[in-house]
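Peer 1: From TrEMBL, here are the annotated features:
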type    : residues                                      : note
BINDING : Y15, Y20, G59, S60, Y65, D81, N86, D138, V139 : S-adenosyl-L-methionine binding site
Amino acid sequence: AALREGYEHFDPRAYLRNNYLPPRADFSSEEFVVPWKLRCLAETFASGEIRGRTLIDVGSGPTIYQLLSACDHFEEIVATDYLAVNREELSRWVRGEPGAFDWSPFIQHVCKIEGRGEPWQDKERRLRQRLRRILPIDVHRPEPLGAPLRPPADALLSAFCLEAVSPDRAAFVRALAHVGNLLRPGGHALLLGALGESFYLAGPARLPVVPLEESDVREALAAAGFALRELRSYAMPPALRTGVDDVDGVFFAHAQK
Ligand code: SAH
């Protein structure tokens with residue numbers, strides 16, 4: 001209940017500013033956190049093993065960076081979020097409305113690291129075409145979308161959501177199992193998330209986060225029925241500890257249901 005109350009004050013623009021503008025979104029060096037996240041996703045999708053009809057992104061928030069490498073490998077991308085303000089922010093970008101957040105530096109960077117020489121506008125167009133559904137979700141419900149996804153997703157992605165909405169590790173495991181219900185057996189799950197974080201800010205909202213270690217991520221995936229394929233982590237450099245949260249690092253996990 002306290003978490004729900006906290007999210008009522010979540011300001012999407014403040015969240016974007018805190019995390020998706022410099023210094024965190026600085027593309028001049030791979031040492032910054034945003035290029036690290038984009039590289040994890042680009043390298044994982046480059047294998048070509050993760051593909052299919054539908055990919056669902058859980059707790060998309062107001063962001064699309066996490067879908068830039070994914071969108072080449074799926075016919076449809078389903079974005080989801082608990083908050084209407086975030087779903088509206090995403091729709092503004094999909095429709096290319098004035099005032100939408102400018103993701104073009106992210107798209108250019110992903111095209112560069114994917115190294116296929118693709119014009120970034122082509123990727124932007126492809127993601128907009130494939131991002132047809134932006135649905136409400138609550139990961140605390142066994143049926144997070146309110147009804148089963150039919151057919152189930154071929155892949156699941158979730159970035160900085162589950163630990164940021166779970167009061168403790170047990171709730172994190174339950175949320176992971178709930179979102180696993182949206183995925184077909186054998187489907188791939190990719191998680192990005194915060195390590196050692198206890199709160200983050202989004203305008204007037206101060207959101208509590210369950211602090212995780214790498215071992216917690218491993219154990220949670222196993223307990224929720226996933227086989228771990230890869231786990232990487234990133235240590236937040238001092239220059240990126242800007243006071244918008246107390247994050248120590250970031251994990252990237254690739255697992256299979
Ligand atoms: N994926 C984005 C946003 C993460 S912020 C990124 O990578 O930056 C965490 C998100 O979880 C917010 O968008 C918030 O609205 C959403 N959220 C809050 N409560 C939730 C719930 N019960 N179920 C699913 N998502 C929730």
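Including glycine, each Cβ sits where the backbone N, Cα and C put it.
Because TrEMBL annotations are produced automatically, they should be read as predictions rather than curated entries.
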Peer 1: When a 10 Å sphere is centred on the Cβ of Y65 (S-adenosyl-L-methionine binding site), how many other Cβ atoms does it contain?
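Peer 2: For Y65 (S-adenosyl-L-methionine binding site), the 10 Å Cβ neighbour count is 20.
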Peer 1: Based on the record's binding annotation for S-adenosyl-L-methionine (Y15, Y20, G59, S60, Y65, D81, N86, D138, V139), what whole-number value in Å is the widest Cα to Cα distance?
Peer 2: 24
Peer 1: Would you mind listing, in sequence order, the residues at least six apart from N86 (S-adenosyl-L-methionine binding site) in the same chain with a Cβ closer than 8 Å to its Cβ?
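Peer 2: N86 (S-adenosyl-L-methionine binding site) has long-range Cβ partners F10, P12, S60, G61, P62.
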